[in-house]
Amino acid sequence: MYLINQNGWIEVICGSMFSGKSEELIRRVRRTQFAKQHAIVFKPCIDNRYSEEDVVSHNGLKVKAVPVSASKDIFKHITEEMDVIAIDEVQFFDGDIVEVVQVLANRGYRVIVAGLDQDFRGLPFGQVPQLMAIAEHVTKLQAVCSACGSPASRTQRLIDGEPAAFDDPIILVGASESYEPRCRHCHAVPTKQR
């Protein structure tokens, strides 16, 4: 499925927080390195939770990454010997990320992106739905609901231990102090009808 001698393609890894998206991205990048392929990893500058220059999973796995402010800055770091381009926290990139990913895949690169497919309200997040639509491979991961133990497909934002309101700002970078994985039935967003 992931032969490098094929022309370029797009892989999307998505799901809720704590579902293992960054861990899976790191695993795929490490596999390419074992195969002596050249990979480069990018992350948005806004994601500085664990490290400024690494993609770090919640369980501590990490890989070196290039922080970028704008999607098109990715092009400045691509060289001909690259085989694989990986992008973590893709939901935080600007709208140009879809075009950037398309161009890279069309140029023959394997492009792996990872990100949240839904925001804390349970709505499609950023450009991830568009990337899912154009990808050759989509992997949707689930966490475990912190309230009941069921498979969790949503991310619950908590403010002082209570669910955040529907009209709170969409982007709030954080980890377990601000977010929990939840299933459809335990996910709560005050002032929104289900």
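Every residue gets a Cβ built from N, Cα and C, even glycine.
Some features that Swiss-Prot has for this protein:
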- Glu89: active site, proton acceptor (ACT_SITE)
- Gly15, Ser16, Met17, Phe18, Ser19, Gly20, Lys21, Ser22, Asp88, Glu89, Val90, Gln91: ATP binding site (BINDING)
- Phe120, Ile170, Ile171, Leu172, Val173, Gly174, Tyr179: substrate binding site (BINDING)
- Cys145, Cys148, Cys183, Cys186: Zn(2+) binding site (BINDING)
Top of the binding-site residues Met17, Val90, Cys145, Cys148, Ile170 by count of other CB atoms within 10 A is Val90
Which residues of the same chain, at least 6 positions away in sequence, have a Cβ lying under 8 Å from the Cβ of Leu172 (substrate binding site)?
Phe120, Arg157, Ser178
Cβ neighbours within 10 Å, counted over all protein chains: which one of the binding-site residues Ile171, Cys183, Cys186 has the most?
Cys183
Say you check the Cα of Val90 (ATP binding site) against those of the binding-site residues Cys145, Cys148, Ile171, Tyr179, Cys186; which is nearest?
Ile171
Of the recorded positions listed (Asp88, Glu89), the greatest number of other CB atoms within 10 A surrounds the CB of Asp88
Rounded Cα distance in angstrom between Gly15 (ATP binding site) and Glu89 (active site, proton acceptor) is 11
Whole-number Å value for how far Cys145 (Zn(2+) binding site) lies from Asp88 (ATP binding site) (Cα to Cα):
23
Do you know which of the binding-site residues Phe120, Tyr179 has the most other C-beta atoms within 10 angstroms of its C-beta?
Phe120
Distance, Lys21 (ATP binding site) to Cys145 (Zn(2+) binding site) (CA atoms, angstrom)
16
